[in-house]
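Taking it in order: structure first as structure tokens, then the write-up.
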Amino acid sequence: MSSHGPRIGWAIQSLGELIGTAMYMYLAIGGADAVSSATNGRSGSLGDAFAFGIALIVTSWAFFRISGSHFNPAISFSSLITGHLNIPRFIMYFIAQLLGAMLGVALVRGTTPSYETIGQVNELANGESIARGFFLEFFLTAILCFTYHLIVHEKNRSTFMFALPYGLAIFSCHLFATRYTNAAINPARALATSVVAGWFSPNHWIFWIGPLTGAILAAALHILFRFLDFDYHSAGIDAENQAQYQRAQDAVKRTHQINNTDQGGYYERNPNPNQNVNNDNNNV
């Protein structure tokens, strides 16, 4: 058993966030810029989406067991609201993500020819208004954060594969938003590219307030579904056979009876339960 206290653990996890965010930004920003330059900008949203989606799949899978692979202040803020992070750890993650993003983008600048430009600065484009740009960042970040909650914080048989839907979510977000806002969906990314490029768009605030308020919506939805005991109604959904499904159904019925209610109700559970009723069929 490790003798490290929780503060040492937070430091290790924050270091993982710093290095992981740097790697993610290095691959994503560098890849998107390289594809755009090689195709004279014709790759458009598709090239950006592949660069960011694949980079997130690779790096989040690598760092998941170290830090949870947030790489995004919006993910961390949403996790703070749902109770999966406490305030000190959130602050450490937040700082690590900002520093990691700037390090990653700076490395892109330092390892590519000087005549190449950082083309991933976030700004409104193609007639996108301030209000539309704000809500585009808001809704897409909410979708990304909600996806993270359901595939990471609600444990099931597919949690270990979380990097695939996580990366595909960012892929989809970039397909949609690259044309209009250059798809920030991540305040650390927006800050890092602007700092390294030496230019901030007049509406830079959108790429902070939009994602962070979207994170609140995602947290509210997750809390709502937990309050409604969604897993009670879908117990055994990931069972591999009918016997496992029946055991999961029986287990949730026993839990229901123990809580002396026939109405569903919100079961006593913390944000990181030791056992989820959906996974009762694993203990066979």
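Keep in mind that glycine also has a Cβ here, set from the backbone N, Cα and C atoms.
The transmembrane segment annotation in TrEMBL covers 7-29, 49-69, 90-110, 130-151, 163-185, 205-225. What TrEMBL records for 261-284 is region 'Disordered'. Under the heading compositional bias 'Low complexity', TrEMBL lists 270-284.
Within the same chain, residues 12-14, 16-17, 19-20, 23-24, 27-29, 31-32, 35, 79, 93, 152, 162-164, 166-168, 170-172, 174-175, 178, 183 sit at least 6 positions outside the transmembrane segment (49-69) and bring their C-beta atoms closer than 8 Å to a C-beta of that stretch. Outside the transmembrane segment (7-29), and at least 6 residues removed from its termini, the chain residues within Cβ reach (under 8 Å) are 51-52, 54-56, 58-60, 62-63, 66-72, 88-89, 92-93, 95-97, 99-101, 103-105, 107-108, 118, 120, 188-189, 192-193.
Listed as Cβ neighbours of the transmembrane segment (90-110) (distance under 8 Å, sequence separation of 6 or more from its ends, same chain) are residues 10-11, 13-15, 17-26, 29-30, 33, 67, 70-73, 76-77, 79-80, 118, 120, 186, 188-189, 191-193, 195-196.
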